[in-house]
Amino acid sequence: MLYPLIPLFLTTVLGAPMAALGLIEGLAESAASILKIFSGWWSDRIGKRRPFVIGGYSLSALSKPLMIFALTAGWPLVLVLRVMDRTGKGLRSSARDALIADHTPDCLRGRAFGLHRAMDSLGAVLGPLAALFFISRLGEDAAAYRTVFLWAFVPAVLGVFLLFTVRDKPFVSRYVKPHFQWKAFNRDFKIFIFINLIFAVGNSSDVFLIVRAKELFAVNPVVMSLLAYMLYNLTYSLGSYPAGMLADRIGSRKVFTLGLLVFGLVYLGFAFNHSPHMLWALFAVYGFYTALTDGVGKAYASKLVQQELRATGMGVYHMSTGLASFVASTIAGLLWQTLGFRSAFVFGAAAALLAAIMFVFLVKGKK
């Protein structure tokens, strides 16, 4: 519910500069990423996933109502709370993805992660829809944001309660060392991580897309930007499970590479588009990019590591992506503020196209 509102809240209500926006998103994601590898390794070592998942979602839930205090404290408190929220994500993500993989055979892995991403993105449609309801009724001022921040706590708490019904699948932790060892992973996994790292350096936060949309929409820019982001999540939700099925059929490598190409084209579209009408198409296609890469990338990474190292491997995948996202968001914010919005999007498109080329020629291994 809150993610698409954060950049609008920062720039419209708090008056934060674009460089601060990039710093907030970058630090938040990097904090989560550092924790992802540790939580994944610890999950493998003790042979449990559930405590990390419940603890992570609980921490993120607590950060939401505290956002109302940023109305008086300013954007630095938003930074602290975004880091708190992403720390919860860092605690849960690797163990959650390993839990999904533990309960799913290889031949259905793409569909399993696709279903998870579909449900997650469906929530990202319903959340902004609820936020849109409050903003349309209360206006685009501080009071509306305060109401949304408080209501966002409700579904977050309900989700935590549901997690108590989930059970771990027992396994023996035979290969997890007392300390993290990079050499424990095979060559294909390392190459995949390296190429994904290159792409992630250009994959800045979606908040930049939302801010660009707000600039182009002349009438009700906040409402229209939320609607555009909802369209993105709708196509993401609708496309995630079919993308997982396609990955199971023709291979995750091909589907992931296609997603990188789509990303590059969409970012070029954002770089050179000046029409508010074209934004709808760009956000819709952007949803298909995420469907083609998010769950598919996780499914592919999980296939390249054995079960005893699975959460650690997912932690490496998440950490590399998140740390690069810090660089990406920081670069995008600085490029936008110094050279204009176009330079930020062209940089992202170039990184995606380079990663796609490398993925075709360097990654072999499992499909």
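One-based numbering along the chain as shown.
From the backbone N, Cα and C atoms, a Cβ is placed for every residue, glycine too.
Just so you know, TrEMBL annotations never went through curation; they're auto-generated.
Pulled from TrEMBL, these are the features on record:
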type     : residues : note
DOMAIN   : 1-367    : domain 'Major facilitator superfamily (MFS) profile'
TRANSMEM : 66-84    : transmembrane segment
TRANSMEM : 118-136  : transmembrane segment
TRANSMEM : 148-166  : transmembrane segment
TRANSMEM : 191-211  : transmembrane segment
TRANSMEM : 217-234  : transmembrane segment
TRANSMEM : 255-272  : transmembrane segment
TRANSMEM : 278-296  : transmembrane segment
TRANSMEM : 316-337  : transmembrane segment
TRANSMEM : 343-363  : transmembrane segment
When counting C-beta pairs under 8 angstroms to the transmembrane segment (316-337), the leading stretch of 66-84, 118-136, 191-211, 278-296, 343-363 is 191-211
Ranked by Cβ pairs within a distance under 8 Å of the transmembrane segment (278-296), the first of 66-84, 148-166, 191-211, 217-234 is 217-234
The predicted model's mean pLDDT over the domain 'Major facilitator superfamily (MFS) profile' (1-367) is 84
Stretch winning on C-beta pairs under 8 A with the transmembrane segment (191-211) (pool: 66-84, 148-166, 217-234, 255-272, 343-363) is 343-363
Listed stretches 66-84, 118-136, 148-166, 217-234, 343-363 vs the transmembrane segment (255-272), most Cβ pairs under 8 Å: range 343-363
Quick tally over 66-84, 148-166, 217-234, 343-363 of CB pairs under 8 Å to the transmembrane segment (118-136) gives the top stretch as 217-234
Best-packed against the transmembrane segment (66-84), counting Cβ pairs under 8 Å over 148-166, 217-234, 343-363, is stretch 148-166
